[in-house]
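Record features (TrEMBL):
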- 1-22: region 'Disordered' (REGION)
- 221-262: repeat 'WD' (REPEAT)
- 263-293: repeat 'WD' (REPEAT)
- 312-344: repeat 'WD' (REPEAT)
- 357-387: repeat 'WD' (REPEAT)
Amino acid sequence: MTNAQGGSMLVEPNTHKPLHKPKFGALLHSEPINNDADNFQYNHRTNAAHMNYTDSSNDVSPYSMSPLNYPNHSSSPLNKSPWLLPASPAINPFLHHHQDHLPGNSLIGSLVREEGHIYSLAVSGDLLYTGSDSKNIRVWKHLKDYTGFKSSSGLVKTIIIAGGKIFTGHQDGKIRVWKVSSKNPSKHKRIGSLPTFKDYMKCSMNPKNYVEVRRNRNAVKVKHFDAVSSLSLDKEEGLLYSGSWDKTVKVWRVADFKCLESINAHDDAVNAVVTMPGGCVLTGSADGTVKMWRRVSDEKGKKPKHLLGRVLLKQENAVTALAVNRAGTVLYCGSSDGMVNFWENDEKCGFTHGGVLRGHKQAVLCLAVAGNLLFSGSADKKVCVWKRDESGFHTCHSVLTGHVGPVKCIAVEEDQAQPEKPRNKKDDQRWIVYTGSLDKSVKVWRVSEQAPELSSFQSWASPGPFTT
């Protein structure tokens, strides 16, 4: 079968062995216990409902749309090559400089390494960083395997890049800091960790700096004692926020890696942290709440302090992801029930609930905002693309399909290859979207804010219905 872009797609045989069905809770708090991408064990308390991964019989099988499937599995290129990329200039934006002939929406390619499930993504210029449960951070350049570096321990759950430094949050509760070598750009060196050893030892000397984390167990409050699930940076203030399954949010000063504050934020694991302009920080947790925190300075003006301003959401289902647009005017919240709530923010009224986007059958695991588009990745293996109009109304712009495992992370950057010509329409903006999955692959898409034409788009995505 040939798609609209000229790439070949082979349908999975009917005799393909069915996937095992994992429990939902594992996607929030547990990691794979063997090499089966869809076999998980639930081992962390959460209020999220247990769910099984099933596909509707009316849906097109994702196997038939995946470039990972071949009729002869014994000769699969996955066994020979660490990366896959379509060679056709029509769908590879890095082969030619003139892109006027390219379709507005297309699947560019897939990046695959047999190293583990993809849990985190970050984009910096022409470099893509991917984190997995192999403890490795791979670096890709122009969709080719460029270089990589490895942590001593801990699955890489989140990556953020700021000021020439790469911050990685890990399953072992540590935040590691890396920097590109000035002599060799393909080399990355670890330059520290949060907290620093000096800061940790200094705090451990004072009994007041200990908190009870479990029965008969205390820990120094400047260090996370459970997985670091999310990182967010306030560039203006030079502050890094880390959310953890230990129920806390910690505030770090980027300049010297010092922990300025530890916030007992929630009653269960913190799954998401995002910063907004004006000293506002939002946190989402497995306890089903979204909280807004206001940053205030102490009397000396040295250490910030965060006060709870408002609880935006309180529900039975776990909050799994948060995202805000660049202007800080819209907040999105993904949940374990597959819903995406959103709030409008203005200076007069603050946050006002705008509605619910209903597009997924299973848990929303990641969110990303670019321009007028929202990307939501789910355990149902799909990515919904939502478009927000000037009135605040959202429609399902398209659905990206092709992953054969839950979509765990999304990163978006502006498409630098789009034609340099006056735009007659505001929705001509195009984006490069990276989606990482527990199928051990990263898929790369070109998505335009202009609604796709069905005739050239249906081979890899299908338009969705209006939402409420």
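Note that Cβ sites are derived from N, Cα and C of the backbone, with glycine treated the same way.
For the repeat 'WD' (263-293), DSSP puts the residue distribution at 0 helix, 20 strand, 11 coil. With helix defined as DSSP H, G or I and strand as E or B, the repeat 'WD' (312-344) counts 0 helix, 21 strand, 12 coil. In terms of DSSP helix, strand and coil, the repeat 'WD' (221-262) has 0 helix, 24 strand, 18 coil.
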